[in-house]
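Q: The structure's right below; bear with me while I get my questions together.
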Amino acid sequence: MKWLKRLTVIVGTFYRYRLAGLCASLMGSGWICALLKMMPQSSKLKNEPPAVRLRLALESLGPIFIKFGQVLSTRPDLIPHDYAVELAKLQDKVPPFDARLSREQIEKSLGQSIEKLYAEFETEPIASASIAQVHKARLHSGERVAVKVLRPNLLPLIEQDLSLMRFGAAWVERLFSDGRRLKPLEVVAEFDKYLHDELDLMREAANAGQLGRNFHNSNMLIVPKVFYDYCTSDVLTIEWMDGTPVADIAKLKADGIDLHKLADYGVEIFFTQVFRDGFFHADMHPGNILVAADNRYIALDFGIVGTLTDYDKRYLAINFLAFFNRDYRRVATAHIESGWVPADTRAEELEAAVRAVCEPVFNKPISQISFGLVLMRLFEVSRRFNVEIQPQLVLLQKTLLNIEGLGRQLDPDLDLWKTAKPFLVKWMNGQVGPKALWRNLKNEAPDWAQIIPSLPRKISALIDENRQQEMRDAYIHLVKVQQRQSLWLAVIAVVLLLILLLK
């Protein structure tokens, strides 16, 4: 009955932070919403804005709900802007767990004692969060490493909270008129995947390895080496990196770091990941970035990454180029062509809505325009038009906001458009023309070589399948007709019988 106890805690928090009225206002109208507004509410925090009360409630419910709020903050297509801003303030910081448990977890996962695994191992963790904590160590070969270890017995607690979230999301969709638009089950499913990805440290090791290969010998970014022999799904051993936290501007200046070049590097690294690699570090907040003495960035924490298809890249390139040319008609048609917009959407209405939210942004000097803000405004319009925004693009928008904020902290005069435009134009030019056509033909040739010989057989099978389906449909239709006829015959027989009896 642990789930019942936990549910009681959640409902109590719901009352204590006056969230009944908030839910009613977010969910639209209907008798359920009216009932929620009539519920008695705690007098506590009555003067605080609803978004603040929601953040405080999630903080009080613990690490899993804090992470849920962080994920929700990246969905401006689903929640109002002020809620997204407030939930972004949630901090995932918890006290470290017992060092003895940490040692036991490492030894159990790697199958050897700490002494055999590491020449030195610092018992006191250097960082701690809700999912894992990090210890400093040294391998017997001499390399200094960071050892990340998952909190023990975490999975049952996560599954319990996720089950309750799924239960609540299902009822929200059933009971509230606006429930489907908010897509609660989709949000919880996305959060479920996000959490389970973070719980697999072998996946994080693979992410770090991929990013390291993409930026091998880069003059802009250092990615720590992964020691795969010391990694499992519960333990990650990665190269220890020395550097200055990127947010420590005073120290960077004192060390003679070129802040202007560093800001440009950040933007260039981001767009290289997006348009060259289609694979990007999606958690690039200042806490995960150091700066080396040679003016290069050092990336940390690879638990969250995003991947982009050529279709996603095309969507981004078309929209950014159209935005900065103020071609809002092209933005609208790009969304309709994507198939993410309801079929009955009128391009003129979408164009007018995009113009209304974006024109004020583009009234500023181009060096002051925020790419991340442009995407956020676009997602806000999407919410009104029920556009299906892809999760990887939401991750990208959050990452872009982080990169922009960081870049302008280093260099207030940073011109993102100047750095980004060559990437966009180069990528778009690479998608059209004879060279692009020849490249695509070469890429597709092996598939066509396999498909063409079997094409007649597959076409024949498809025709047969269609015929069989037509026969099945005809049979079902015939059965339904016979059932209706039988029903009417039975009704007529009953009516005739009643007439005879009444005589």
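Numbers run from 1 along the shown chain.
The backbone N, Cα and C atoms fix where each Cβ goes, glycine too.
According to Swiss-Prot, the protein has these features:
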type     : residues                                                                       : note
ACT_SITE : ASP283                                                                         : active site, proton acceptor
BINDING  : ILE126, ALA127, SER128, ALA129, SER130, ILE131, ALA132, GLN133, VAL134, LYS148 : ATP binding site
DOMAIN   : 120-491                                                                        : domain 'Protein kinase'
TRANSMEM : 13-35                                                                          : transmembrane segment
TRANSMEM : 485-502                                                                        : transmembrane segment
Q: Within a 10 Å radius of its Cβ, which of these binding-site residues (ILE126, ALA132) has the fewest neighbouring Cβ atoms?
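A: ILE126, out of the binding-site residues ILE126, ALA132, has the fewest neighbouring Cβ atoms within 10 Å.
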Q: Which three-state DSSP class does SER128 (ATP binding site) fall into?
A: strand
Q: List the Cα distance (Å, whole number) between ALA132 (ATP binding site) and ASP283 (active site, proton acceptor).
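A: ALA132 (ATP binding site) to ASP283 (active site, proton acceptor), Cα-Cα distance: 16 Å.
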Q: Give me the largest Cα to Cα distance among ILE126, ALA127, SER128, ALA129, SER130, ILE131, ALA132, GLN133, VAL134, LYS148, the residues the record lists as binding ATP, in Å as a whole number.
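A: Those residues reach a largest Cα separation of 14 Å.
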Q: Quick check for the class: what is the C-alpha distance, in angstrom and rounded, between VAL134 (ATP binding site) and ASP283 (active site, proton acceptor)?
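A: The Cα atom of VAL134 (ATP binding site) is 17 Å away from the Cα atom of ASP283 (active site, proton acceptor).
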Q: Fill in the CA-CA distance, ILE126 (ATP binding site) to ASP283 (active site, proton acceptor), as an integer in Å.
A: 19
Q: Across all chains shown, how many C-beta atoms besides its own are within 10 angstroms of the C-beta of SER128 (ATP binding site)?
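A: So the number of other Cβ atoms within 10 Å of SER128 (ATP binding site) is 16.
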Q: Which whole-number value in Å describes the distance between the Cα atoms of SER130 (ATP binding site) and the residue listed as 'active site, proton acceptor'?
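A: For SER130 (ATP binding site) versus the residue listed as 'active site, proton acceptor', the Cα atoms are 16 Å apart.
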Q: Using Cβ-Cβ distances, find the residues under 8 Å from ASP283 (active site, proton acceptor) that belong to the same chain and are at least 6 apart in sequence, listing them in sequence order.
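A: Listed in sequence order, they are ASP301, GLY303, ILE304, THR399.
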Q: Can you count the other CB atoms that lie within 10 A of the CB of SER130 (ATP binding site)?
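A: Within a 10 Å radius of the Cβ of SER130 (ATP binding site) lie 18 other Cβ atoms.
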Q: Counting across all protein chains present, how many other Cβ atoms fall within 10 Å of the Cβ of VAL134 (ATP binding site)?
A: 21
